[in-house]
Amino acid sequence: MIQKQHESKLEVGQTFPVTIKRLGINGEGVGYFKRQVVFIPGALPGEEVVAETTKIQRGFAEAKVKKVRKASPHRVKAPCPVYEECGGCQLQHLDYKEQLNQKRDIVVQAFQKYMNNGLEEKIRPTLGMENPWHYRNKSQLQVGRKDEKVITGLYKQNSHQLIDIAHCMIQHKATNEATKVVRRILEKLNVSIYNEKKQKGLVRTIVTRTAVQTGEVQVTLITTKEELPNKEQFIAEVQKQMPAVKSIMQNVNWRKTSVIFGDKTFKLAGKEVIQETLGDLSFELSARAFFQLNPEQTVVLYNEAKKAAALTGNEKIVDAYCGVGTIGLWLANDAAEVRGMDVIPEAIADARKNAKRHGFTNTKYEAGKAEQWLPKWVKEGWRPDVIVVDPPRTGCDDKLLETILKVKPKQVVYVSCNPSSLARDVQALMKSYEVEYVQPVDMFPHTAHVENVVKLVRK
């Protein structure tokens, strides 16, 4: 028996046949070899592949595809030339309609892990994009040199090798163009480029952001020090070659770190901010401001949150994890009052500014945690009808879930970017709430990410 058990264990470098059962949460194929779970990036459900083990972990193994014996009918040729090296997308080799089906399945699996019935009949089809390309409004590409040429891209996974990305197929065309213009000018002016291995040089990263609705573009150079040689010439060239660039910024980050931004940001030319609109709302975006990366699908996501809240105009709403106030402001016209909180004081300052600029008088924003503010407000006689949560990937704080169960608003609208933490939190809320439906939304086509809006109603 012991001998048999030993035989069934995989070893690094071993090749073996495997049938792919489903997609994992990171977009990898999941199969079983002699009852051991194996994660295989690039393999698709229903495929029969020959895989080679690359890593053994406790309870699972990782492998790579050596050969596809039987391909999925949904397998397509990834249009991006650096798709397999870059790692930014995980699902370009899967037909887009099937990506939407598989993302729903990822959500179903997450709920099955925490609940027996998995709520499958309540999980709706994923809302996708008509055109799932060139949707991202912001890029952060590292800068390097290759044979005297300036290149921009991302580091190959677990290496110092920079993959040259001349044209990213999920980036907005204007962000691609701005990056191309800037790298061309840096090369022409022979500006010093940071060398990651030697940790020497000046320009580290080019960050570009496009306001999709207004067409304004912002370029931020991340440098190791403040002095920028040929600064005036650089500015003049950028403005001449791409008039859409309305804001040229510089950020200084001298630390040996993979964190992009340093502490000091200042304007080189143009405006400090660019203007963007979402529906009827407009936002000022500074170099470091958080803003949703896919504005088109953000409108879809927020409209789903609005539908789930089912507002009549009389509701008091709490917007927990409110950030710069976007979801709350999206609902404010149809609510009696919106109160939001966030642990980041700068975000609260922006939320107040955004509310004021739009003329809202029924909003209130406080720095701190929802689990601190909510009991205080209830004590003062202010009780919410709807609580909207849009937490980070780790999900809601346990104390917030306990507070929601104590305060018992009529409805909870849960906006999530991580199906695993969503399913865990929803299970906790089901002590007092019933799930009416789960609506997956595809915010990032060709990646494994899936957002969800869940409507929970008090029992």
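Including glycine, each Cβ sits where the backbone N, Cα and C put it.
Here Swiss-Prot flags CYS417 as active site, nucleophile. Per Swiss-Prot, the feature [4Fe-4S] cluster binding site maps to CYS80, CYS86, CYS89, CYS168. The S-adenosyl-L-methionine binding site annotation in Swiss-Prot covers GLN292, TYR321, ASP342, ASP390, and the record cites sequence analysis as its basis. As annotated by Swiss-Prot, domain 'TRAM' applies to 9-67, with the evidence given as sequence analysis.
Sequence features, as recorded in Swiss-Prot, placed on the structure.
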{"residue": "CYS80", "record": "[4Fe-4S] cluster binding site", "DSSP (3 states)": "coil"}
{"residue": "CYS86", "record": "[4Fe-4S] cluster binding site", "DSSP (3 states)": "helix"}
{"residue": "CYS168", "record": "[4Fe-4S] cluster binding site", "DSSP (3 states)": "coil"}
{"residue": "GLN292", "record": "S-adenosyl-L-methionine binding site", "DSSP (3 states)": "coil"}
{"residue": "TYR321", "record": "S-adenosyl-L-methionine binding site", "DSSP (3 states)": "coil"}
{"residue": "ASP342", "record": "S-adenosyl-L-methionine binding site", "DSSP (3 states)": "strand"}
{"residue": "ASP390", "record": "S-adenosyl-L-methionine binding site", "DSSP (3 states)": "coil"}
{"residue": "CYS417", "record": "active site, nucleophile", "DSSP (3 states)": "coil"}
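Listed in sequence order, MET341, ASP342, ALA370, VAL389, ASP390, PRO391, PRO392 are the same-chain residues six or more apart from TYR321 (S-adenosyl-L-methionine binding site) with CB atoms under 8 A from its CB.
With respect to their backbone Cα atoms, CYS89 ([4Fe-4S] cluster binding site) and CYS417 (active site, nucleophile) stand 16 Å from each other.
The Cβ of CYS80 ([4Fe-4S] cluster binding site) lies under 8 Å from the Cβ of CYS86, CYS89, GLN92, CYS168, MET169, each on the same chain and at least six residues away in sequence. Here the binding residues for S-adenosyl-L-methionine are GLN292, TYR321, ASP342, ASP390. Their largest Cα to Cα distance works out to 17 Å. In this view, the densest Cβ surroundings among the recorded positions CYS86, CYS89, CYS168, CYS417 belong to CYS168, judged by other Cβ atoms lying within 10 Å. Remark: GLN292 (S-adenosyl-L-methionine binding site) has LEU278, THR298, THR326, MET443 as non-local neighbours, by Cβ distance under 8 Å and separation of at least 6 in sequence.
Cβ contacts within 10 Å of ASP342 (S-adenosyl-L-methionine binding site), excluding its own Cβ and spanning all protein chains shown: 23. The number of other CB atoms found within 10 A of the CB of ASP390 (S-adenosyl-L-methionine binding site), across every protein chain shown, is 23. Per-residue pLDDT, averaged across the domain 'TRAM' (9-67), gives 95.
Other residues of the same chain near the [4Fe-4S] cluster site, with their Cβ within 8 Å of the Cβ centroid of CYS80, CYS86, CYS89, CYS168, are VAL82, TYR83, GLY88, GLN92, ILE165, MET169, ILE170, HIS446.
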